[in-house]
């Protein structure tokens, strides 16, 4: 039986080995690239796959139609997911005749969702387990195939329980996989009335509330002990982490948070005292409790507290859906540079935002807007400004997957707009320069230019009309129901983290990334229809500054406005862009590590994009609205943008890859 496996972490390694031991053929393994901001104490699925000689992939979005097609070509009989962190689309789940099955780290239907290992310890459970279940659209809700119970000892912490669960998972898989291979797959529906759901835990969730019962505080210490981020508190402004503790029943009448003694170090809780066995001050080393007290300058009677508040004024909460994308990650950086903004974000990956994951004002959840509607509705209600940035926005996908473009770019975003109407929240919506289509004006005016697209049999326009229709719906909600909105139209923004060379390899990237990939790989630069199409290229820093000013909305001047954000002075044809890029490439200090230039190749657009494609000769913005509403003017020259973008991509190429 041929299997395709989605796996990560120690549990992923156990699953892969168990599937092999049961005699399955593994056609491919899909995993994740390690996050540099995460403590990767666990085994590497990619390394295991490489050692076993099994093809392994780590796409940013495995649910992308390109990857769905590739998985379909593998023709799996069965699909397994072992601690893979992303939900799989229904298209993938339906590819295997025998079904798709996930290993979950709890006794379902209890503890559905994220981090069940930590949550069972937080809640003081005495038993947990692992469950193999059939995968359906809703996470962790499918029929149960098999489960294995695991007792939780009073001295178990996150790491010891993790090891127990891995061992139980291996026993479970060794028992059930041979049976499944013979076609005998048990199926027991979950009792929805017994289901509980828990969300992702963040490092800041380790903050101790000394007014809680001592058992609650002790369980928190157990749940997030190393290698997890740890339970922590403050002595004044100094943070310290507690790595191990024990319960003492007598608080001697002390107030919660009071230091009862320093040797041993004991702190009063609501109904007892916590003895701190080991801990760590700031970024220092782990020491015993009495030494920690000495380091912190604690004395009996001192009161521990929460971190000091920075300001009495509530910060502005900004919800960014698609926060890991090009605009989303740069906008997050700009907002976090201002003290009065708090960012909440969702996306299907976190590679571009890994540098923010530990930031105290950045709150990220990995998820899909087409699945996590309850989370989105809750955060629309909670936040002040909403930016729905999720969209398929690469031309080749318009002809490859027009229905998927419509479903995501229009239908899913319309639901978010309706939440904004329902809760009366301000929305800053990304329209697109593509809505102008084949407009013949010398420069495109937001309030006067006609929006002209081609015939219905040219699916290339599905993105343009999806965005245009949403623009019109948003405008109508503003007129009829008082929705506060601003529409912004980016004109060919460029810069670091635009997309990836891997995306370019499958044709799903912006023009400059495709050009850079050709230089990196020593293949001819393809000029579609000769590359005579003109665009106005805008530096991401200029674009983000304009977008930031829209969010600030000084004097409410952006309400109900459509604003082009582009640089009319940076107009160039694609051929001119390629020539400028080649010149910068030849001068780059890493040039010697890459193959010789392979020349230019003129390609017909039909052969490259498909028969449903049409192009436009020029696309230049009028930026009068931006000047008037934002006091904004772009300032960065195109050459500077090209050089910085090129440098980012060249330095992202692995040294071994350069040499090959």
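Cβ coordinates come from backbone N, Cα and C, glycine included.
Feature annotations, reproduced from Swiss-Prot:
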type     : residues                                  : note
ACT_SITE : 104                                       : active site, proton donor
ACT_SITE : 434                                       : active site, proton acceptor
ACT_SITE : 619                                       : active site, proton donor
BINDING  : 114, 136, 137, 138, 139, 140              : (6R)-10-formyltetrahydrofolate binding site
BINDING  : 347, 368, 369                             : NAD(+) binding site
BINDING  : 393, 398, 432-433, 460, 492, 526-535, 613 : UDP-alpha-D-glucuronate binding site
REGION   : 1-304                                     : region 'Formyltransferase ArnAFT'
REGION   : 314-660                                   : region 'Dehydrogenase ArnADH'
SITE     : 102                                       : site 'Transition state stabilizer'
SITE     : 140                                       : site 'Raises pKa of active site His'
Among 102, 433, 532, the one of these recorded positions whose Cβ has the fewest neighbouring Cβ atoms within 10 Å: 532
Distance from residue 102 (site 'Transition state stabilizer') back to residue 139 ((6R)-10-formyltetrahydrofolate binding site), taken between C-alpha atoms, in Å: 10
Residue 393 (UDP-alpha-D-glucuronate binding site), number of other Cβ atoms within 10 Å: 22
Rounded distance in angstrom between the Cα atoms of residue 532 (UDP-alpha-D-glucuronate binding site) and residue 619 (active site, proton donor): 12
For residue 433 (UDP-alpha-D-glucuronate binding site): DSSP state (helix, strand, coil): helix
Shortest C-alpha distance to residue 535 (UDP-alpha-D-glucuronate binding site) - which of the recorded positions 102, 137, 138, 434: 434
Pairwise CA distance, residue 102 (site 'Transition state stabilizer') versus residue 140 ((6R)-10-formyltetrahydrofolate binding site), rounded so that it is a whole Å: 8
Same-chain residues at least 6 apart in sequence whose Cβ lies under 8 Å from residue 140 ((6R)-10-formyltetrahydrofolate binding site): 102, 104, 108, 109, 112, 113, 133
Residue from 137, 434, 526, 529 whose C-alpha is spatially nearest that of residue 368 (NAD(+) binding site), among the recorded positions: 137
Local Cβ density at residue 535 (UDP-alpha-D-glucuronate binding site) - other Cβ atoms counted within 10 Å: 22
For the NAD(+) site built from 347, 368, 369, further residues of that chain with CB within 8 A of the site's CB center: 321, 322, 346, 348, 367, 370, 371, 372, 390
Cβ contacts of residue 529 (UDP-alpha-D-glucuronate binding site) (under 8 Å, same chain, 6 or more positions away): 602, 603, 604, 605, 615
Residues satisfying Cβ distance under 8 Å from residue 369 (NAD(+) binding site), sequence separation of at least 6: 321, 322, 346, 376, 388, 390, 408, 412, 416
Inter-residue C-alpha distance, residue 136 ((6R)-10-formyltetrahydrofolate binding site) and residue 526 (UDP-alpha-D-glucuronate binding site) (nearest angstrom): 42
